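K.L.:
Structure in structure tokens, see below.
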Amino acid sequence: MEAAARRRQHPGAAGSASAQPGASFPQARHSAAKADEAASTAPFHLDLWFYFTLQNWVLDFGRPIAMLVFPLEWFPLNKPSVGDYFHMAYNVVTPFLLLKLIERSPRTLPRSMIYISIITFVMGASIHLVGDSVNHRLLFSGYQHHLSVRENPIIKNLKPETLIDSFELLYYYDEYLGHSMWYIPFFLILFMYFSGCFTPIKAESSMPGVALLLVMPSGLYYWYLVTEGQIFILFTFTFFAMLALVLHQKRKHLFLDSNGLFLFCSFALTLLLVALWVGWLWDDAVLRKKYPGVIYVPEPWAFYTLHVSGRR
């Protein structure tokens with residue numbers, strides 16, 4: 001009777017005692033999910049890496065080439081060029097592939113950061129679309145990429161002189177603001193994906209043969225991206241952040257999986273190609289004048305207008 005009275009006075013006592021074992025269930029599930037996440041290893045994403053490399057070469061690298069190849073009569077100077085349509089397609093396809101890549105990450109990545117990065121990427125690439133469209137169309141009027149805006153023959157004599165300021169503003173949107181808002185979130189997304197490309201099984205830290213075939217075109221494209229986009233500092237910071245992460249994870253006995261190895265090898269090849277490119281053009285006096293300072297990384301299109309198109 002006394003026991004029954006005590007139970008009536010404290011009805012939650014028995015319930016709380018019985019609830020204590022169950023309280024650990026969410027924590028156990030969370031720990032199990034974390035363990036599964038750490039142990040899982042994604043297979044090599046051949047489809048995504050192939051499409052990613054293909055669209056980079058066609059829609060980005062091939063964009064200015066298409067503008068020079070297609071007849072001017074098909075795309076008048078007061079209308080979007082074929083390269084502009086390539087850029088529009090790039091602005092849609094690339095964020096889609098980046099999102100699909102993030103979806104396949106074995107590690108849960110911060111969604112808010114991914115969304116903000118994708119939105120900023122699209123905005124920056126769209127700003128670049130407009131500025132780059134006008135700058136490349138100026139080539140048909142005699143604009144020379146190896147010269148600064150004010151030193152270009154078709155611009156330095158414009159009247160009133162405030163028009164020159166407008167062209168410099170256009171160049172700023174194209175080469176600085178557009179590139180920053182485009183490439184910073186791009187490399188941030190790749191780094192976040194890379195942070196999840198680790199496995200505790202050393203035998204899985206290898207690339208299939210088809211991945212080795214993609215490393216060369218992938219690394220070569222990133223060389224073009226780094227040199228033409230003038231993002232050597234950003235790229236170098238990203239690469240060494242990846243290297244530091246690899247060394248840190250190695251102390252935990254975690255190794256890069258096939259996707260992480262592919263990305264890391266592509267970036268390492270890019271760094272080598274940039275070093276060779278700079279060494280080859282180290283003594284070019286004209287390019288040195290356009291790219292003063294400690295960091296000297298000439299743009300391929302500046303080299304083209306100076307040494308290739310000028311001989312035709």
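The backbone N, Cα and C atoms fix where each Cβ goes, glycine too.
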K.L.:
Among the residue ranges 1-24, 25-48, I'd like the one that TrEMBL describes as region 'Disordered'.
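P.N.:
In TrEMBL, the region 'Disordered' feature sits at 1-24.
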K.L.:
Applying the under-8 angstroms CB criterion, which one of 176-194, 206-224, 230-248 scores highest with the transmembrane segment (260-282)?
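P.N.:
It is 206-224, which has the most Cβ pairs under 8 Å.
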K.L.:
Which bits of the chain, at least 6 residues beyond where the transmembrane segment (230-248) starts or stops, bring a Cβ under 8 A of a Cβ in it?
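P.N.:
Counting only partners 6 or more residues beyond its ends, the transmembrane segment (230-248) has Cβ contacts under 8 Å with 175, 179, 183-184, 187, 190-191, 194-195, 222, 256, 263-264, 267-268, 270-271, 274, 295, 297, 299.
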K.L.:
What parts of the chain pack near the transmembrane segment (176-194), using Cβ distances under 8 Å and only residues at least 6 beyond its ends?
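P.N.:
Residues 94, 98, 101-102, 105, 109-110, 113-114, 116-118, 120-121, 123-125, 127-128, 131-132, 225, 229-231, 234-235, 238, 241-242, 245, 260, 263-264 contact the transmembrane segment (176-194) from elsewhere in the chain.
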